[in-house]
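Trainee: Sending over a structure as structure tokens; questions will come in a sec.
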Amino acid sequence: MPLVNTTEMFKKAYEGGYAIGAFNVNNMEIIQGITEAAKELNAPLILQVSAGARKYANQTYLRKLVEAALEETGLPIALHLDHGDSFELCKSCIDGGFSSVMIDGSHLSFEENIALTAKVVEYAHPRGITVEGELGRLAGIEDAVNVSAEDASYTNPAQVQEFVEKTNVDSLAIAIGTSHGAYKFKPGQKPQLRFDILEEVSKRLPGFPIVLHGASSVPQNFVKIINENGGKMPDAIGIPEDMLRQAARMAVCKINIDSDLRLAMTASIRQHFVEHPDHFDPRQYLAPGRAAIKELVKHKIVDVLGCDGKA
Ligand code: G3H
Ligand code: 13P
Ligand code: ZN
């Protein structure tokens, strides 16, 4: 099966009250861990590549690895550009074989965001590629850009209809209190998601797929393992998984997860080195790293996204 765009998967997810996991990929072991989990559970997948991932691994290597995963699994998989920040970057991914792109104009004025997003859509749609836009601004770190809590802003529901009508985007990322990275809330802080905004947005855009970025839950067992095995991660908590499940039952059709993959892999590799200080063959520590990713993704598919059996 060739790569798919997100149209069909979002339609089914919206109607079925579940979400598709959009997992960030940077190397072979991460791709294998995610896709082995999805294959076992017969789940559709979005594998997404950030500008940083392109720089690290090279877009062609990642695309070829995802093509190998398609061949191995037979699953519907979309290869998506995460946080594209220019028309040129989106064009390069479309020309390079991606099936979906995000144009993130959330840092621009409303009018500039519309103009840039519409330009990407005009290039993408005739080529069968779906486009995700963003309105509102998440806090946190993404591609070395650190958005402070003061500069973050919730999505204004009054703007969403005009944005979607004028751009013709296929899905919309909104800011309702999630944030990027592994340090979302301090311990003791109460994580809150603005379900009222999500509700209002979906009223104004009936049937339209909404995207949640910054949706890692920062599992405390991984932070503990990392810190017990020589790591120095500050205490922090993420988005409670029951809130994500609730969002997936509503209009949210795509949930982005990157930080939890990093924590799972790092915890497992740190533990491995403490238990096996003599190991120096990368396969000895990357195999448990890959297995940890697989376990985490199985948990997300079943308990958070609800997309098992939906491929
Ligand atoms: O939202 C950003 C993703 O977590 C990607 O992170 O830019 O460090 O690859 P990255
Ligand atoms: P997390 O940092 O919460 O995993 O968010 C990832 C993301 O939104 C990628 O676009
Ligand atoms: Zn993001």
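Yeah, the Cβs are placed from backbone N, Cα and C, and that goes for glycine too.
So TrEMBL lists the following for this protein:
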ACT_SITE  Asp82  active site, proton donor
BINDING   His83, His180, His213  Zn(2+) 1 binding site
BINDING   Asp104, Glu134  Zn(2+) 2 binding site
Trainee: Just to be sure I understand the packing, how many Cβ atoms besides its own are within 10 Å of the Cβ of Glu134 (Zn(2+) 2 binding site)?
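Mentor: If we count other Cβ atoms within 10 Å of Glu134 (Zn(2+) 2 binding site), we arrive at 25.
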Trainee: Checking the recorded positions Asp82, His83, His180, which are within 10 Å of Glu134 (Zn(2+) 2 binding site) at the Cα level?
Mentor: His83
Trainee: Given a separation of at least six residues and a C-beta threshold under 8 Å, show me what packs close to His213 (Zn(2+) 1 binding site) in the same chain.
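Mentor: Set apart from His213 (Zn(2+) 1 binding site) by at least 6 residues yet with Cβ under 8 Å, we have Glu134, Leu138, Ala173, Thr178, His180, Asn256.
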Trainee: DSSP three-state call for His213 (Zn(2+) 1 binding site): helix, strand or coil?
Mentor: coil
